[in-house]
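S.K.: My questions will all concern the structure given below.
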Amino acid sequence: MSNATKFGKVAVLLGGKSAERAVSLDSGQAVLDALLRSGVQAEAFDPQDRSVTELVNYDRAFIVLHGRGGEDGQIQGVLEWLNIPYTGTGVQGSAIGMDKVKTKQIWQGSDLPTAPYRIITKETDLDSVIAELGLPVIIKPVHEGSSVGMSKVEKAEDFAAAIEKATQHDAVVMAEKWITGREFTISFLNGQPLPVIRLQPPADVAFYDYEAKYQRNDVEYGIPCGLSETEEKKLQALCLRAFQAVGAEGWGRIDAMQDEQGNFWLLEVNTVPGMTSHSLVPKAAKAVGYSFDELCVAILEQTLEGTA
């Protein structure tokens, strides 16, 4: 690519110290390879092994750090301080997007549909949670991605074990009302929604969990998604509002459900989605003609805005 020199020297930020390190290494290597094939002068940069102050030696950064330290505003803040352009969402939007409770509060305040929830503490009366949300519920660490530490709870006696599992990953845990229905994901490129994908995990999987996302090959991805054209546009418009409400920018992903009555519910936002062979943003981009390499360059081009 003859104009790849416009990017200068690019740090592909990957790895890090979060629970999603392994996924980030896979995503980052895929992005690095794509940029190199496209003629970009790109290098891997793992903040676990190097001081972030070394980023001053780069012209821009492609963030492929998942989870804490990479998706929560921390690395974005460092890059802002160093005056280095970077891909994706800024400091505030990243911090909000990494916090499932803050995200839901903003969506609720924006009159956007998201499932009812309760924050769980040691003092929480679990019977009151069940009375309010019903069963089943899904237990989630508030500050983890990739479904790390999540469990579906169908019986009251399983509540404590699910909370214990979640607290191994985060001090803050939430219970969310289980939505029965079809799961969809909506990817964004240049701030605009791509075609909706329907997620169909195999029958033995309770939900689209870490294993289904990264380790299994029997998850079905529906493109087209099975919604009518009107419904798909409605879901895209809803998710665009949700994406913008939390301050997300550029590229990302929102997961949503359609319940048995046909209502849509927002689940969560992902401001640095996976870029592995199993990942959803590349699948959605492919549906509108982007190769993986073209997608990576398009995401990187966001860093040129305002610098030309």
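Here the Cβ of each residue, glycine as well, is placed from N, Cα and C on the backbone.
Heads up, here are the entries from Swiss-Prot:
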type	residues	note
BINDING	130-185	ATP binding site
BINDING	D255, E268	Mg(2+) 1 binding site
BINDING	E268, N270	Mg(2+) 2 binding site
DOMAIN	104-301	domain 'ATP-grasp'
S.K.: Which of I130, V137 (the binding-site residues) has the most other Cβ atoms within 10 Å?
M.R.: V137
S.K.: Would you mind pulling the DSSP three-state label for I130 (ATP binding site)?
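M.R.: The three-state answer is helix.
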S.K.: These are the binding-site residues: S151, V172, D255, N270. Which one scores highest on other Cβ atoms within 10 Å?
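M.R.: Top count of Cβ atoms within 10 Å goes to N270.
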S.K.: For I179 (ATP binding site), what is the tally of other C-beta atoms lying within 10 angstroms of its C-beta?
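M.R.: For I179 (ATP binding site), the 10 Å Cβ neighbour count is 21.
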S.K.: Output, ordered by sequence, the same-chain residues six or more apart from K165 (ATP binding site) with a CB under 8 Å from its CB, or 'none'.
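M.R.: Expected: I139, G149, S151.
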S.K.: For E268 (Mg(2+) 1 binding site), which residues in the same chain are close in space, meaning a Cβ under 8 Å from its Cβ, but six or more apart along the sequence?
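M.R.: Long-range Cβ contacts: K100, T103, I254, D255.
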S.K.: Other than its own, how many Cβ atoms are within 10 Å of the Cβ belonging to D158 (ATP binding site)?
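M.R.: There are 15 such Cβ atoms around D158 (ATP binding site).
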S.K.: Helix, strand or coil for V172 (ATP binding site)? Use DSSP.
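M.R.: The residue in question, V172 (ATP binding site), is coil (DSSP, three-state).
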S.K.: May I ask for the distance between I130 (ATP binding site) and N270 (Mg(2+) 2 binding site), taken between their Cα atoms and rounded to an integer number of Å?
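M.R.: Rounded to a whole number, the Cα-Cα distance is 28 Å.
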S.K.: Cα-Cα, whole number of Å: V137 (ATP binding site) versus N270 (Mg(2+) 2 binding site)?
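M.R.: If we compare the Cα positions of V137 (ATP binding site) and N270 (Mg(2+) 2 binding site), the gap is 21 Å.
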